[in-house]
Amino acid sequence: MVVLFYGIALFSCLIGTICGMGGGVIIKPVLDASQLMPVATVNFLSGVTVVGMTLWSVGRTLIKGESIIDLRIGTLLALSAAVGGLVGKELYQMVAAGFENPNTAGGVQGVLLFLATGATLIYTLRRAKIPPRQIKSRGITLIIGFALGVFGAFLGIGGGPFNVAVLCYFFSMETKTATQNSLYIILFSQTASTGYSLIRGSVTDFYIPILLGMVAFGILGSELGRRLNGRLTTRQGDWMLVGAMVLIMGLSGGNAVAYLL
């Protein structure tokens, strides 16, 4: 079973790095579908893995001078996303407390992730016909970052393909540029929400070797994804994103049915 967790972390973070959506958006629904542990534990394991892989990915590109992160826009988005991450985690706790079985909140997460990913898929397929915007207002930028942080933390994934779509539409970014900026935002929002869980003491019991191994294999997946991403064209990157979204919709839709019905 431990090897299965490691494999999920490796695959998810490889795809997540290429597509700019972190690894949590795949790790979370896959582990939810397995029902091997409580939803709260899955949220935490996914969150810590994402923090590790995004820290490695973002840090390495910055140190190596390979970064195409727009620090002016990206930092505003990232800081407001960190605040949003705290709010999103609190909202999740409130929703989970409203159910007799807290795991039912996983069904709510599944529905929202399915809808958000579906909307993002439609945008991606019709992107050529939708004129992008170029937001310059700091206030609006902060609001967008906050919203991304709230949504990502509530879903327990840090961020998803919707991050890339938002960056492409509102800030006229190319897919590869949006990918790096998305990981930068996810690093801040997921660090904030995971730290909040630790401070609040809302983390359930888990097997330490699973956590450490998932982080290690998540970092390995991030490195492999970074190298592969450098060989892909923008069009190839777009189609990988589409494939990942179809996978996410299948997983999240199945989880919604399993937890709510």
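Backbone N, Cα and C atoms are what each Cβ position is placed from, and that goes for glycine too.
Among the features that TrEMBL reports, transmembrane segment is placed at 7-27 (among others). Residues of the same chain lying 6 or more positions beyond the ends of the transmembrane segment (7-27) and with a Cβ under 8 Å from any Cβ of it are 45-47, 49-50, 53-54, 57, 113, 155-161, 163-164, 175, 178-183, 186, 190, 213-215, 217-222, 224-226, 228-229, 232, 237, 240-241, 244, 247-248, 251.
According to TrEMBL, the transmembrane segment annotation covers 39-59 (among others).
As annotated by TrEMBL, transmembrane segment applies to 71-88 (among others).
Sequence annotations record features per position, and here TrEMBL assigns transmembrane segment to 108-125 (among others).
What TrEMBL records for 146-172 (among others) is transmembrane segment. Below 8 angstroms of C-beta separation, residues 19-22, 24-25, 27-28, 39, 42-43, 46-47, 50-51, 54, 70, 73, 77, 80-89, 91-92, 95, 109, 112-113, 116-117, 119-121, 123-124, 127, 130, 132-135, 178-179, 181-182, 185-186, 188-190, 192-193, 241, 244-245, 248 of the same chain, each at least six residues beyond the ends of the transmembrane segment (146-172), sit close to that stretch.
Under the heading transmembrane segment, TrEMBL lists 206-225 (among others).
Among the features that TrEMBL reports, transmembrane segment is placed at 237-260 (among others).
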Of the stretches 39-59, 71-88, 108-125, which racks up the most C-beta pairs under 8 Å with the transmembrane segment (206-225)?
39-59
For the transmembrane segment (71-88), what are the same-chain contacts with Cβ under 8 Å, counting residues 6+ beyond its ends?
138, 141-155, 171, 181, 184-193, 196
Give residue numbers and ranges for long-range contacts of the transmembrane segment (237-260): same chain, 6 or more residues beyond its ends, CB-CB under 8 A.
15, 18-21, 25-26, 29-30, 32-33, 35, 103-104, 106-111, 113-114, 117-118, 120-121, 124-125, 160-161, 164, 175-176, 179, 229
Report, as numbers and ranges, every residue of the chain located at least six residues beyond the transmembrane segment (108-125) whose Cβ falls under 8 Å of a Cβ in that stretch; write 'none' if there are none.
25, 28-29, 32, 39, 92, 95, 151, 154-157, 160-162, 164-165, 169, 238, 241-242, 245-246, 248-249, 252-257, 259-260
Residues sitting near the transmembrane segment (39-59): Cβ under 8 Å, six or more positions beyond its termini, same chain?
5, 9, 12-13, 16-17, 22-24, 27-28, 31-32, 67, 69, 92, 96, 102-103, 105-106, 109, 156-158, 180, 183-184, 186-187, 190-191, 193-194, 197, 202-206, 210-211, 214-216, 218-219, 221-223, 225-226
